[in-house]
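Enquirer: My questions all concern the structure below.
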Amino acid sequence: MEHKYCSILFKLLILQCLSLLCVSQDFDFFYFVQQWPASYCDTKQSCCYPTSGKPAADFSIHGLWPNYKDGSYPSNCDADSPFNQAELSDLASNMQKNWPSLACPSSNSVGFWTHEWVKHGTCSESVLDQHGYFASALNLKQRSSLLQSLNRAGIEADGKSYSLQNIKEALKEVIGYTPWIECNTDASGNSQLYQIYLCVDTSGSDFIECPVFPKGKCSSAIEFPSF
């Protein structure tokens, strides 16, 4: 009887340990999200450039977000893993360039990176440590080359309207996978290209077809504002 009780207790302890270990890796894929700065800045809310100055006229990183196949997502998974800028010293200039904050008031973007790590990065810690998380996002941005892919197809940030389908096809032609496009509206109420979502496997290294797309839709033709 005592042996049976100990066996049950041992199994319960193993299950508890496994559940603790799996908390941070319990996700199915990443959304890798990049935003077009002009579409952030020309809304009624407007924007503030970071203290390093006006960002380049290129897509910038919003985040690398663990997600579930049912469309939901984990968040704030590890209160004991704060953002540590010292771990990212070799990535600092790259992050300033490719992951700037456009929120007001103007900042050095550290608050933005802190938010992304605490809310999303901590939910992938079993796969990527803090340095690996930010390095992966930077690598994915370089490999995706969104602006160059669109320009190659004759789609330019010139304030004109372009077919949503043509935008998707231009990106898929280069990346190999179907993107999801998020639109917003400028101060005049015009629908415009705002963010581009690509899906990434749980290693944070390879693009994949999206198991599920976010909710929301764009007009069939959207503006691509200049910056």
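Including glycine, each Cβ sits where the backbone N, Cα and C put it.
Copying in the features that TrEMBL gives for the protein in this structure:
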- H62: active site (ACT_SITE)
- E116: active site (ACT_SITE)
- H120: active site (ACT_SITE)
- 1-24: signal peptide (SIGNAL)
Enquirer: What is the separation, in Å, between the Cα atoms of H62 (active site) and H120 (active site)?
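Expert: Approximately 11 Å lies between the Cα of H62 (active site) and that of H120 (active site).
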Enquirer: Which residues in the same chain, at least 6 apart in sequence, have a Cβ under 8 Å from the Cβ of H120 (active site)?
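Expert: Same-chain residues close to H120 (active site) (Cβ under 8 Å, separated by 6 or more) are G63, L64, W65, P66, Y73, S75.
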Enquirer: Let me know how many other Cβ atoms fall within 10 Å of the Cβ of H62 (active site).
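Expert: Within a 10 Å radius of the Cβ of H62 (active site) lie 22 other Cβ atoms.
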Enquirer: State the count of C-beta atoms found within 10 angstroms of the C-beta of E116 (active site), not counting that atom itself.
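Expert: Counting Cβ neighbours of E116 (active site) within 10 Å gives 20.
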